[in-house]
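I have placed the structure first, in the form of structure tokens, so that the comments after it can refer back to it.
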Amino acid sequence: MPKASHQDLRFAFRELLASGSCFHTASVFDPMSARIAADLGFEVGILGGSVASLQVLAAPDFALITLSEFVEQATRIGRVAQLPVLADADHGYGNALNVMRTVIELERAGVAALTIEDTLLPAQFGRKSTDLIPVEEGVGKIRAALEARVDSSLSIIARTNAGVLSTEEIIVRTQSYQKAGADAICMVGVKDFEQLEQIAEHLTVPLMLVTYGNPNLRDDERLARLGVRIVVDGHAAYFAAIKATYDCLRLQRGQQNKSENLSATELSHTYTQPEDYIRWAKEYMSVEE
């Protein structure tokens, strides 16, 4: 079977957005996982920013990974991927001009789509880690991203955190990003269908949700009727890989009979050492939780 080009995969992603169905992403974090996901029939994969930070730096999701490091990983995946890959480009690695550079590099890497979020990243001195940038700045980033892409089939998705805003504020932000030309709107932190319905009735572009398995949003048909086309449940495949590596190496060392049996989440927490970063952020930056 002939190999799909990067543009073929971008068109395939746009077909997902234009469909009447809801699709769940596969967590793809290296070339092998991308091939496995495609072979198993997943329609779309996602390279998460948090997963890239774990894979490249063994560091928590504190905006520590650089653009070049993220692009390198996306490029490795793009060489072999035969499913559309959506890149979680965090905040675009800086201001609107940095966003333009991010789009240029990720387009060359072969991703089918990318998200740009309006979280204030990296964390700023004396600010909360969940603070958002002004909506006007977010609009500027989306407009800059659209200007920077060469291949118009590359989807630019605006992302915001519904978990730290009122429903009215979410509507204002998402409508602003829609008006700026975003191909879709991504939201994290939507609580339930009632809130989603209130937001969705004000939007016409396709929606993407990061739910992390929220049980209040587990109804694909209902999600699809509200315009949701892409759902990110989390990155279970990556954490399963961490767990499998730990268990295999533990067995090789003859430690399989020990009572310790850490979960994937506990292992990730142990080996990324987030307490150190939290302490440093408080000590050197007065960053609030």
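Positions of Cβ are set from backbone N, Cα and C atoms, glycine also.
The candidate list SER50, SER53, SER68 contains one residue that Swiss-Prot assigns to the substrate site with ARG159, HIS235, namely SER50. Binding of substrate is attributed in the record to SER50, ARG159, HIS235, and the widest Cα separation among these residues amounts to 18 Å.
For the recorded site, HIS235 (substrate binding site), the DSSP three-state label reads coil.
Cβ neighbour count for ASP88 (Mg(2+) binding site) (all protein chains, 10 Å cutoff from its Cβ): 23.
The distance from the Cα of HIS235 (substrate binding site) to the Cα of ASP88 (Mg(2+) binding site) comes to 12 Å.
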